[in-house]
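Per TrEMBL, these features apply:
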type	residues	note
TRANSMEM	76-96	transmembrane segment
TRANSMEM	108-127	transmembrane segment
DOMAIN	186-310	domain 'Palmitoyltransferase DHHC'
TRANSMEM	230-253	transmembrane segment
TRANSMEM	273-300	transmembrane segment
Amino acid sequence: MKMERGGFDDMQGKMYSTSSISNGGSASAHLSDSNRRIINSHNTTPYNNRVYQVWKGNNKFFLEGRLVFGPDVRSLVFTIFLIATPVLFFCIFVSQRLINQFHQIGDLIVAFPAVFTVFIIIILFLTSGRDPGIIPRNLHPPEPEDEGNSSSSMSSAWLANIRGGVAANGPPTKDVSVNGTIVKVKYCHTCMLYRPPRCSHCSICNNCVERFDHHCPWVGQCIGKRNYRFFFMFISSTTVLCLYVFSFCWVNIRKIMESYHCNLWKALLKSPVSGVLILYTFIAAWFVGGLTAFHVYLICTNQTTYENFRYRYDGKMNPYNLGLVRNIGENLFSKIPPSKNKFRANVKENSISAFPSSLSMGRVMSPELPKRSFDVEMGGKRQAVAEEELEDIQNHIDSVAGLDLERCGTEPRRTNRNHKSNWEITPDIHELAAEFRMQQGFTEREKIAGIL
């Protein structure tokens, strides 16, 4: 029995030696090349990377971090197509008759929608390709002294749970005064910070955005403090373009009716493109025109779309309402604050931590975990097997090896680890565990058979 336990301890020692791979050691001889590459790829610390290369959010970056888009950036192609196509058809099929009818200003009538379309596309990229107001994440939960004792409702018990690896029941809040009104702000477990007033976490981009309005799928970006005015310019300009094409298509139909002395239907048959554009721009004008009118109301009352749908300030006091003139000035004419993120900055070694954010693993980060990371304040997606997952493999192999030993009348040594895993084991872990089971299980059976 003593020799049997020694054989099992030997197997455990070999398994535990593989955990050193995530700390920079070489792979065990029992690991395949593919698994060695998987684990070693997680250990390659990108000290020479830039912030945008290890970003934790779901954003897409172009031109080496100069352009910041949302994860649904491909929708921009469809949006540009919807805007440019009707203008192109207008300039090709409708403009010739208008030029002939309006000799002096005919060229201007045709040139205006073409130039205006280019302006709208530029505004679209200014809306979509910039930081909307992302709040940088914290590397660790806030310290009690950082939050203060008077205004914060965060309890010491909750902090103990955070630092002990136990998720708190619901996000804590603290009171903040806004224009003489007390507003509760929530703690974001993903970003590990108290959200500033009017800030919200976008589930699509996975970022906390300052003065969050909404995530617009048409521009593929969150709409926040730094790009809201460009978004409003985009939808209002698109409304003007739709009404312009709609109006001059009707003018074209009217001129056809006068020239040929025919009714409306015959005029539409002579210029079917005008009829199609009238229908298309009518529907589009209702959509973007209604959206523009809604945002005019939000600007005049100093609300966001998120606040309007969630809090309904119509029935209670809006602490951000400063009056019509000041509301318009704040939303459209105030200075745009600089970005709080330096996406092109180099990753610093002393700000690197070994694991993703706490919420990505389904629980809050514990202080016992190493403080190294592949990230500055934001980091990339998990690409390999981490130390905790290797510990999961050990528990999995313990149970498998225990079953093998029990068949031979041997009881496995109980491990003193009480680690409790509550997330789904990934296919990489299954593959690694299976390889341990195949390579170590047979060796252990041979040892036991030789002893018996």
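Glycine residues also receive a Cβ, built from the backbone N, Cα and C atoms like all the rest.
All annotation found in TrEMBL is predicted automatically rather than curated by experts.
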For the transmembrane segment (76-96), distant same-chain residues with Cβ under 8 A (at least six beyond the ends): 69, 106, 109-110, 113-114, 117, 120-121, 124-125, 128, 218-220, 238, 241, 245, 248-249, 252, 271, 273-274, 276-277, 280-281, 284
Mean of pLDDT values spanning the domain 'Palmitoyltransferase DHHC' (186-310): 94
Secondary structure content of the domain 'Palmitoyltransferase DHHC' (186-310), with strand meaning DSSP E or B: 76 helix, 17 strand, 32 coil
